[in-house]
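Engineer: Per Swiss-Prot, repeat 'LRR 1' is recorded for 30-51. Under the heading repeat 'LRR 2', Swiss-Prot lists 52-71. If you look up Swiss-Prot, you'll see 72-93 marked as repeat 'LRR 3'. The repeat 'LRR 4' feature in Swiss-Prot is assigned to 94-115. The repeat 'LRR 5' annotation in Swiss-Prot covers 116-137. Annotation comment: Swiss-Prot describes 146-167 as repeat 'LRR 6'. Summarising the annotation, Swiss-Prot assigns repeat 'LRR 7' to 168-189. The annotation domain 'LRRCT' is assigned in Swiss-Prot to 203-241.
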Amino acid sequence: MVRLTVDLVMKNSNVLRNRKDESLARHLRRITHLNFSNKNIDEVEDLTMCRNLTVLYLYDNNINQIKNLGSNLTHLYLQNNCISCIENLSGLKRLEKLYLGGNCLTVVEGLEGLRELRELHIENQRLPPGEKLLFDPRTLHFLGISLSVLNISNNNIDELKDLAVLENLTQFVAADNQLKEIKDLEFVLSKWTKLCRMDLSGNPVCLKPKYREKVTIISKTLEILDGKEIKEMARQFLLNWKASRISKKKKNLENMTGPSLLPQLYESDNYRSLLPVYNQNFRHQLLEQPKYIVMAHTQSCNKHGQLQRSAGKRNISVIEDIKSEARGMESFSGCIPESECVGGQHGNERPGYPTNLINLWKGEKDETEGIP
C-alpha cells in the first residue's frame, strides 16, 4: 500500500527549493505538475497545500476513491485504477480535462459543478456482464454547456439519444459499442452541429448498407469519420445525387397524383393525415400499396363527378381490387378540392366527394366502366 502524501510529493518533485530556508508551504505552492503514474498508489492524502497544482498524473495505480485533490487542477489523469464512483470533484471549478478510462464506473454522474470541463474520457469501463454504461441526465445537462470531446468506447452502449444535449461536441469517440441504427445517429447528428470528428468503428451500424454515405450526408460539418477524411467534393456529390433522386420521385409522384395535391403530399412530414380516413384495416392495407393511388383517382374527377379519360384503366383496376375492402366503410374524409367534387348542399352525397367514387365504395354500379 502506497499513499500519496506531501512528503512523497517533496521527494519526487522536480521543483527544487530556491533556498534551504524556503518553507514547505512556499515550496509546495510553486509545484504545477505532478506525475505519480504506476506507483502502486491506492490512496491520495491531502494535496490542497499544492495550491498551484494544475496537472496531476495518477494513471495505472490502485486508487479506488477520488478525494483530496487541489482545487486549481485543470488536467486530471486517473485511467486504469479501481474507481467505481465519480465523486468529490465539485470543487475543481477549473478542471478542463478528465481521464477516467479503464476503471469500474457504471454511471457517469457527479460532474454537475465542472462548468469548464472540455474533455471527458471514460472508455473501457470494467462493467458487470450484460450491463452498459449509463448517464445521469442532470450531469449531461450541465456538460452540454462546455463539453467538446467525449470518449465512451467499449462500454456496451446501444443508443445515443440521451447524449443529444451535448450540442457543443466537436469530437466523439464511441468505437466498439453496440450501436445498430442509422436513425439513432441521424437524431444526435442533427443536434451536434459543431461535430468535426467521429469514430464508430467496431459497431454493428458500420455494417449497414451505405453507412458512410448516409452519415456524410446527415452531418454537414463532419470532417473525419472512423479515422478517414471526408472530402468536401465527395459530400457535395452525395448531396447532388440525393437531390436528383428526390426530384425524380417528385416527378413520378406528380404523374400519379396531379400537381394540385403534390406539394401537400410530398412536403408534409405526416402525409398520412392528408390521405382519406378509412376503417383501420383498410387504411393499413392501402398504405402498403402505392400510397397515392386513390388520390390519383379523385384528382381525375371533374365538376360533374365523372372520371376523365386521362385516368385510364390503371386507376379503375386498382379500385376494383380494393372495392371489397371499402364496402361498409362509415367515414371518409379526403383532401379533394371542392371544385373537383359534387354533393354537399346540391346533392344527397356527403359534401366534397365525387359521385362515381362514392357509388363505387358503396358497391353500386361503376360509372367509369367503358372508359378506354
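Start at 1 and count along the chain as shown; that gives each residue its number.
Cβ atoms here come from the backbone N, Cα and C positions, even for glycine.
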Engineer: Could you tell me the mean pLDDT over the repeat 'LRR 3' (72-93), as a whole number?
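Structural biologist: Here the mean pLDDT over the repeat 'LRR 3' (72-93) amounts to 96.
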Engineer: Taking helix as H, G and I and strand as E and B in DSSP, count the residues of the repeat 'LRR 4' (94-115) in helix, strand and coil.
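Structural biologist: Split into helix, strand and coil, the repeat 'LRR 4' (94-115) gives 0 helix, 5 strand, 17 coil.
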Engineer: Going along the chain, which residues at least six beyond the ends of the repeat 'LRR 3' (72-93) come within the CB cut-off of under 8 Å?
Structural biologist: 37, 51-66, 99-116, 121
Engineer: Against which stretches of its own chain does the repeat 'LRR 6' (146-167) lie, if we need a Cβ under 8 Å and a gap of at least six residues from its ends?
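Structural biologist: Residues 101, 114-125, 127, 130-133, 135, 137, 140, 173-181, 184-185, 187-188, 191-194, 199.
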Engineer: Using DSSP, what is the helix/strand/coil residue split across the repeat 'LRR 1' (30-51)?
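Structural biologist: Counting residues per DSSP class in the repeat 'LRR 1' (30-51), I get 0 helix, 7 strand, 15 coil.
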